[in-house]
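Please find one structure pasted underneath; my questions will follow.
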C-alpha cells in the first residue's frame with residue numbers, strides 16, 4: 001500500500017523505523033518554563049526505544065518479584081494503616097498522588113478535546129460526513145499544540161507505575177491486569193507518538209477522560225469523601241467501553257478512503273472557521289502545513305471552478321494560513337502522492353498495528369476480571385466487598 005507522505009521513505013517496516021525522523025520539538029515556541037523543564041536533548045533522548053523498552057521490562061520484572069515476596073509473607077503488612085509518622089506520610093502521599101493524576105488527566109482532556117471537537121465540526125459543516133472523515137484522517141496531532149500534550153501524556157505513563165507501588169505498600173499483589181497495562185501502555189504511547197500516528201488523539205482524549213473519573217474516585221476514597229454511586233458502579237464498564245471503542249475507532253483508519261475532489265469542492269464553497277482563539281495555535285508550525293503551499297495550485301483551481309467568491313476566500317486563506325482550519329489540511333492532502341488514503345505514513349500504520357496488538361489482550365484481561373468480579377462472585381466475598389476491593393486494588397486500565 002502506498003502512503004501519501006512516504007515518498008522519501010517507503011520500504012519495509014524495519015526501514016521505516018530506521019529512517020523516520022523524530023517528531024519536531026513541540027516546545028520550541030512555548031513558554032520558557034516548558035523549554036527549561038523539557039529541553040531538546042531530553043526530548044530527543046526520551047524518544048529513543050531504549051527508554052520505554054528498558055523501563056517497561058524493569059517494571060514488569062520488579063512487579064513479579066514483589067508478588068513473590070508477598071506470597072512468601074504469610075501476613076503481608078499494610079503500611080498505610082496505623083498512627084505512626086510513616087503511615088501518616090504514606091496516606092498523605094497517596095492523596096497527593098491521586099489528586100495530581102486526576103488534575104493532570106482533566107487538564108489533558110480539556111486542552112485536547114475541544115480542538116478535536118472543533119475540527120470535526122468544521123468538517124461536518126463544510127462537507128458533511130466526508131468532512132468528518134477528513135477531520136478523522138487529518139487530525140493534526142503532529143502540530144505543536146496537540147503534539148506537546150500528546151508528548152506529556154507519553155511521559156505520564158512513566159509516573160503512573162506509582163499505582164503499583166501504592167498497591168504493594170498496602171500489602172496487595174500486583175495483578176496481571178495491572179502489570180500488563182502499565183508495561184504495555186508506555187510502549188503503546190511511545191510508538192504512537194514517536195511515529196506520529198494520527199489516531200494518537202484517541203489514546204490521549206479517551207484515556208484522559210477515563211483517568212479523570214478513576215482518579216477522582218481514588219481521591220475521594222482516600223479522603224473518605226462521598227462519590228456518585230452510579231458512576232462508581234459503572235467505572236469498570238466505562239473502562240471496557242473505552243478500550244473497545246478506542247480500538248474499533250483507530251482501526252477504522254485502515255479502511256477509510258477520502259474523496260479529494262468532493263472535499264475540494266465542498267471546502268471551496270464553504271470556507272471553514274474555528275470557534276477557538278487563533279492565539280492558541282499561532283506559536284507553532286505543523287509538519288502537515290509544510291505541504292500546504294505546494295497544494296495551493298490544485299486547491300485554487302478547484303475553487304475557481306465554483307465561483308469568484310470561493311476563489312477569493314481561498315486566496316485569503318493562503319495569505320494568512322490558520323493552523324486550525326481544516327481547509328488547510330485539505331489543501332495539504334491534495335499535494336500528496338495519494339490524497340484518498342486516510343493514514344498518511346507507513347510509520348503511523350506500524351504504530352496502529354502495535355497498539356491493536358496491545359489492546360486486544362488488555363480487553364480480554366479486563367473482561368475476564370469483570371466476569372470474575374461482578375458476574376460470578378465467589379461465596380467468600382459479597383458483591384460489595386468485590387467492588388470495594390477491586391476498585392482499590394486493580395487500578396485503572398487505559
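Cβ atoms are placed via backbone N, Cα and C, with glycine included.
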According to TrEMBL, which stretch among 240-258, 259-277, 278-296 corresponds to the feature transmembrane segment?
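That would be 240-258, per the transmembrane segment entry in TrEMBL.
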If you check TrEMBL, which stretch out of 179-199, 200-220, 305-325 is marked transmembrane segment?
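Going through 179-199, 200-220, 305-325 one by one, TrEMBL flags 200-220 as transmembrane segment.
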Given the transmembrane segment (90-113), which of the listed stretches 49-70, 200-220, 240-258, 357-375 has the most Cβ pairs that are under 8 Å apart from it?
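So the stretch in question is 200-220.
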In the same chain, which residue numbers or ranges, 6 or more beyond the ends of the transmembrane segment (49-70), come under 8 angstroms Cβ to Cβ?
76, 158, 161, 164, 168, 171-174, 178-179, 182-184, 186-187, 190
With Cβ-Cβ distances below 8 Å as the criterion, list the same-chain residues six or more beyond the ends of the transmembrane segment (200-220) that contact it, or say none.
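Residues 95, 98-99, 101-102, 105-106, 108-109, 112-113, 116, 139, 141, 146, 149-150, 153, 188-189, 192-193, 226-227, 231-232, 235, 238-239, 242, 245-246, 249-250, 351, 355, 391-392, 395-396, 398.
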